[in-house]
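First the structure, in the form of structure tokens, and then the observations on it.
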Amino acid sequence: MGKISIAIDGPASSGKSTVAKILAKQLNYVYCDTGAMYRAITYLALQNQIDIQAEEPLVALCVNHTISFQQAENGQRVFIDGHEVTEAIRQPDVTNAVSAVSKHAKVREEMVALQQKIGQAGGVVMDGRDIGTAVLPKAEVKIFLVASVEERAERRFKENQEKGIETDFETLKAEIERRDYLDSTREVSPLVQASDAVKIDTTGLTIEEVVAAIQNVIKQKGFELF
């Protein structure tokens with residue numbers, strides 16, 4: 001059986017990237033973290049003091065800089081023009097600004113075109129906010145992950161602790177709620193479950209349990225990949 005495309009969508013900190021990395025490794029597929037692309041543009045904008053509300057300068061960043069990936073043992077390394085930014089794009093200032101950048105229609109056009117180029121050959125696990133609806137609408141398997149705000153804030157809190165980033169739990173909850181609102185209400189490619197996506201609530205589930213649930217969906221659709 002040929003390689004398929006797997007789209008995993010969901011709100012911030014719902015577990016998308018973690019399970020997508022594991023699935024890609026299990027299947028020997030390419031893993032594409034589309035959120036990292038928007039984070040990279042956001043990072044460039046902040047570094048160059050570009051107004052994140054101004055669309056044209058952001059589009060220029062997309063056109064004039066090259067975002068690339070390298071597969072790594074624990075997922076994926078991210079580069080801008082050959083310089084690694086894997087950790088830099090996960091800092092709080094980028095996290096809090098990325099929704100404002102990704103709402104711009106022309107920025108999304110540039111990013112979606114690049115993402116579709118990566119995914120056109122199949123054999124890819126791609127995660128983001130609009131993969132099943134806009135980027136890979138014909139993906140054979142579409143998953144929509146959700147989790148409670150409290151659980152997602154707890155995950156982000158632990159991630160920040162491990163990175164030595166001091167954050168307040170209630171502040172994280174407020175930030176996640178704000179991102180949910182921005183992502184789901186933007187005019188271009190809002191966060192929405194594709195009509196043919198399978199919804200999985202990851203609240204209270206381990207990573208292994210979520211991966212197993214997705215494996216079951218794949219098998220139920222007739223793809224014996226494992």
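From the backbone N, Cα and C atoms, a Cβ is placed for every residue, glycine too.
If you look up Swiss-Prot, you'll see Gly10, Pro11, Ala12, Ser13, Ser14, Gly15, Lys16, Ser17, Thr18 marked as ATP binding site.
Here the features listed in Swiss-Prot are placed on the structure.
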{"residue": "Gly10", "record": "ATP binding site", "Cβ neighbours (10 Å)": "27"}
{"residue": "Ala12", "record": "ATP binding site", "Cβ neighbours (10 Å)": "25"}
{"residue": "Ser14", "record": "ATP binding site", "Cβ neighbours (10 Å)": "26"}
{"residue": "Lys16", "record": "ATP binding site", "Cβ neighbours (10 Å)": "26"}
{"residue": "Thr18", "record": "ATP binding site", "Cβ neighbours (10 Å)": "19"}
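Other than the site residues Gly10, Pro11, Ala12, Ser13, Ser14, Gly15, Lys16, Ser17, Thr18, same-chain residues with C-beta atoms no more than 8 angstroms from the centre of those residues' C-beta atoms, the ATP site, are Asp127, Leu145, Ala147, Arg152, Thr202.
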